[in-house]
Amino acid sequence: MPDISLSIPRRRLPRLRPLAAAVLGAVLLHGQAWAAQPVEKPQPVPAQAGNEPGLTQGLKETGNYTVTTAPAEPLHLDPPKLPDLSGYTAAAVEAKIVRKPGGRASVQRMVQQQPLKEFTGGSNRLAEWVKRQRQMPQAIFIEGGYVNLAQLAGKLPASALEQVEPGVFVARLPIVVSQGATLDIDKQVKELRLSQERGAFLVNDGMLFVRDSKVTGWSESKKEPAWFKTPNEFRPFLISWGGAEVYLSNSTFTSFGYNASKAYGISISQYSPGMDKQMKRPRPKGWVIDSTIVDSWYGFYCYEADDLVVKGNTYRDNIVYGIDPHDRSHRLIIADNTVHGTRKKHGIIVSREVNDSFIFNNRSYENKLSGIVLDRNSEGNLVAYNEVYRNHSDGITLYESGDNLLWGNQVLANRRHGIRVRNSVNIRLYENLAAGNQLIGVYGHIKDLTNTDRNIALDPFDTKVSLIVVGGKLAGNGSGPLSVDSPLSLELYRVAMLAPTKSSGISLPGVLGEKQDQILDLLVRQDKAVLIDPVESQAELQD
């Protein structure tokens, strides 16, 4: 077996953060005893007869796969260019506020109001508000221009909005920001409490600002936040619709959302397909920056929304997901967030054609399943420089999502795989560190999803997987550094495999194990790029 502790090419890796340095140090220390043992050095594998002189494509057939040297130059990539975040600030939010003309607030019925149809239409949802308000349901409507919530003190009935102590307001009806209106909730409002018992929530169809404040789903009977108990129990929420803009800055949102359509927590969503065709609104806009979101059903959700910014937030102890952009949302920036303690599923997930987006410099840890997930044909995304650790499943997971680049991530001490790729092609993994994960450092595989509850027409898939792995370190992962089952192709170059957990040394599971000697000889001893692919494709190459 090759001694891969020797002759590893020197190269520049991303700077290790303290946790990454500690984990890597521990696994390297664990591997020192193995590295010190004398091992039999392999003989170089000779080129196959019949190759043209000067080519580096000698075939080495093993089972149904071949190991081939590949040109390294096409594998070179410059570090990815990240979006400039300097413009997404509290001052930039302030500059977006237009304070004239002044607007007004009034109490009106909820029925026959476009922004509320999602909550008063099918599935007998109107009954929820009848039960809670004990009357034909009403809401507070902001109309006609700019309104600061603090200025409404004493101007509406206490059954609608009451200031219960200086700067602390309780809303006992839903608040609707109408098209053409602006609602500003600023530091004059120490806390806006949305009454759970009375069915209050926030709907934005105009411009909504929450700055230096606190908004809480509130149990009036218990005099505390409406802490999560069961999925279907109503809790207040915030939704911003197509054509509207929402800017949440330096604020805290607690105990939002439940298991009902568009009532998930903090949501930015185009109108439903039927209403969208009728209303023809542009896609919604918004930023969520430098804020804290706690105990929400979904910490953040979007649907058919473009160019949103989710930056510098803390998502803590949310229920299903921390950050969940969904269906056909594009060019998102998800950066500098800390996401931890998600109780049911993933920290950060983008799902169903969330394309051309940037997920970088986030920390996602101690979530119930994976730290970061790309799902259901989400393509063209960059996942870079994230620290993903101690999650209860994988670190980073890609399901049925091709053409994505993972660069410089530190994926550490997760309970399953470090980086897992399923049914996804043209996945490029550059300069990543996967260390101390309980199963495989990088795991690629295929799975037939036909006989599952998946809607194949809505979420098609191919049972194909292909990866390019360049640079980085795979160290001290419990079941091995790398495994790819049935790859369409796999390219490896400058990958350091360190600190095996088994006394026998580095072991590549699965089909890679059958040709481990050839792979490690080319990759480590000869410092060449290695291509592993099916015999059929190599036969096509020769033809």
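Backbone N, Cα and C define each Cβ position, glycine as well.
Look at Swiss-Prot and you will find His326 tagged as active site, proton acceptor, backed by similarity to another entry. According to Swiss-Prot, the feature repeat 'PbH1 1' maps to 243-270. Under the heading repeat 'PbH1 2', Swiss-Prot lists 283-304, citing sequence analysis as support. Sequence annotations record features per position, and here Swiss-Prot assigns repeat 'PbH1 3' to 305-327. Feature annotation from Swiss-Prot assigns repeat 'PbH1 4' to 329-352; the stated evidence is sequence analysis. As annotated by Swiss-Prot, repeat 'PbH1 5' applies to 354-376, with the evidence given as sequence analysis. What Swiss-Prot records for 378-400 is repeat 'PbH1 6'. Among the features that Swiss-Prot reports, repeat 'PbH1 7' is placed at 401-423, with the record citing sequence analysis. Per Swiss-Prot, signal peptide is recorded for 1-35.
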Cβ under 8 Å to the repeat 'PbH1 6' (378-400), counting only same-chain residues 6 or more beyond its ends: which ones?
14, 17, 19-20, 23, 80, 82, 346-347, 350-372, 406-424, 427, 434, 437, 449, 459, 461
Contacting positions for the repeat 'PbH1 5' (354-376) when only residues 6+ beyond its ends and CB under 8 Å are counted:
82-83, 322, 325-348, 382-401, 404, 411, 414, 420, 459
Taking DSSP states H, G and I as helix and E and B as strand, how many residues of the repeat 'PbH1 1' (243-270) are helix, strand and coil?
0 helix, 13 strand, 15 coil
Same chain only, sequence gap of 6 or more: which residues have a CB within under 8 Å of the CB of His326 (active site, proton acceptor)?
Tyr301, Cys302, Tyr303, Val350, Ser351, Arg352, Val354
Are there residues at least 6 beyond the ends of the repeat 'PbH1 4' (329-352) whose Cβ is under 8 Å from a Cβ of it, and what are they?
82-83, 85, 88, 299, 302-323, 358-378, 381, 388, 391, 397, 458-459
What are the helix, strand and coil residue counts for the repeat 'PbH1 6' (378-400) according to DSSP?
0 helix, 10 strand, 13 coil
